[in-house]
Amino acid sequence: GKMLAAVSRVLSGVAQKPASRVLVASRTFANDATFEIKKCDLHRLEEGPPVTTVLTREDGLKYYRMMQTVRRMELKADQLYKQKIIRGFCHLCDGQEACCVGLEAGINPTDHLITAYRAHGFTFTRGLSVREILAELTGRRGGCGKGKGGSMHMYAKNFYGGNGIVGAQVPLGAGIALACKYNGKDEVCLTLYGDGAANQGQIFEAYNMAALWKLPCVFICENNRYGMGTSVERAAASTDYYKRGDFIPGLRVDGMDILCVREATRFAAAYCRSGKGPILMELQTYRYHGHSMSDPGVSYRTREEIQEVRSKSDPIMLLKDRMVNSNLASVEELKEIDVEVRKEIEDAAQFATADPEPPLEELGYHIYCNDPPFEVRGANQWIKFKSIS
């Protein structure tokens with residue numbers, strides 16, 4: 001037994017030494033490279049974002065790590081869900097990593113972002129750790145909402161969630177943009193919704209107010225082709241979501257290309273900051289998972305369709321190929337990042353399964369900022385719930 005343990009220790013020691021380190025050290029990489037990106041379709045705009053962009057080695061490595069982290073985190077959530085450690089609603093965004101990472105790359109940390117319930121990726125790109133996100137999914141005290149929000153209700157600084165009601169975040173986003181303007185801040189709000197929510201009346205009401213008041217609001221339709229199990233063609237009389245703001249200018253963007261998303265976001269944010277009012281972006285993307293964990297995702301589309309997107313337009317693969325072919329990084333170096341990311345996810349999952357759940361007496365915490373002054377029929381219902389942080 002001891003002998004075996006010793007042998008396995010030696011072997012694992014050998015396995016852990018990154019052989020590629022020597023290679024990487026001796027090789028020189030380009031500091032940056034210029035790439036052609038797909039031209040955006042425009043609505044009510046004379047010109048759009050540039051069709052070439054420069055990617056630095058440093059940014060490329062950062063984007064790659066972030067996208068890979070979101071992908072692995074979602075796959076880990078899938079695994080924990082199947083083990084019944086995560087319960088209830090759970091909407092995964094694998095396939096859409098170029099959207100959350102690309103949008104973040106195009107704005108400042110002081111800008112604002114609000115989205116619907118497919119929010120894990122944005123929660124991460126807005127600055128929370130994988131630990132806090134996975135622990136929130138498993139309902140533990142170390143989660144970003146102390147385990148009470150779950151998959152659809154996570155928040156970070158300048159990130160207003162996760163919202164469980166379809167489309168309800170859009171008027172809220174217009175409100176955040178109103179606050180930016182009212183307070184005289186040079187900030188914008190990215191207001192996201194899906195193709196399923198795009199047919200909601202409240203979205204058109206928000207368009208109208210935002211245009212009337214020239215709010216710095218970037219309305220972003222993440223079009224992943226299916227609202228639950230309904231394809232866009234079956235749900236919308238016009239699937240040109242970028243044109244549906246009518247009097248609001250729009251862009252249709254390749255949402256599988258992080259550089260396309262980044263440039264379009266920079267363009268849209270600059271448009272809003274210049275005081276011209278709102279602008280619309282449609283990100284054409286794709287989700288590999290079903291709508292939620294209860295949806296296998298193959299009754300309304302074929303496995304072949306999913307496989308084709310994976311093999312031809314995967315956002316992570318696209319970035320990787322560009323970086324390797326332009327001498328911005330080596331395959332070995334990117335593999336090393338993959339190993340580090342996997343380890344980070346494993347550690348986070350360990351924490352998310354070992355961390356304690358909040359006790360029942362904390363049920364009423366954080367409902368009121370302090371003990372509420374009112375009584376109902378002569379009794380204070382909340383007396384037993386002390387509100388403490």
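These residue numbers are counts, starting from 1, taken along the chain as shown.
Heads up, the Cβ atoms here are built off N, Cα and C, so glycines get one too.
Note that this is a predicted model, so its numbers are computed, not measured.
Site annotation (Swiss-Prot): Mg(2+) is bound by ASN224, TYR226, and the candidate from ASP195, ASP254, ASP257 recorded at this site is ASP195.
Of all the recorded positions given, namely TYR117, TYR226, TYR300, the one with the smallest number of surrounding CB atoms inside 10 A is TYR300. Candidates LYS243, HIS291, SER292, TYR300 (recorded positions) were compared with ASP195 (pyruvate binding site); none lies inside 10 Å Cα-Cα. Of all the recorded positions listed (LYS62, ARG118, LYS276, LYS312, LYS335), ARG118 sits in the most crowded Cβ setting, with the most other Cβ atoms within 10 Å. Summarising the pyruvate site geometry, the residues cited as binding it (HIS91, TYR117, ARG118, ALA156, GLY164, VAL166, ASP195, GLY196, ALA197, ASN224, TYR226) extend over a maximum Cα to Cα distance of 28 Å. Here the CA atom of LYS335 (N6-acetyllysine) lies 28 Å from the CA atom of ASN224 (Mg(2+) binding site). Cβ-based neighbour count (10 Å, all protein chains) for HIS291 (thiamine diphosphate binding site) stands at 21.
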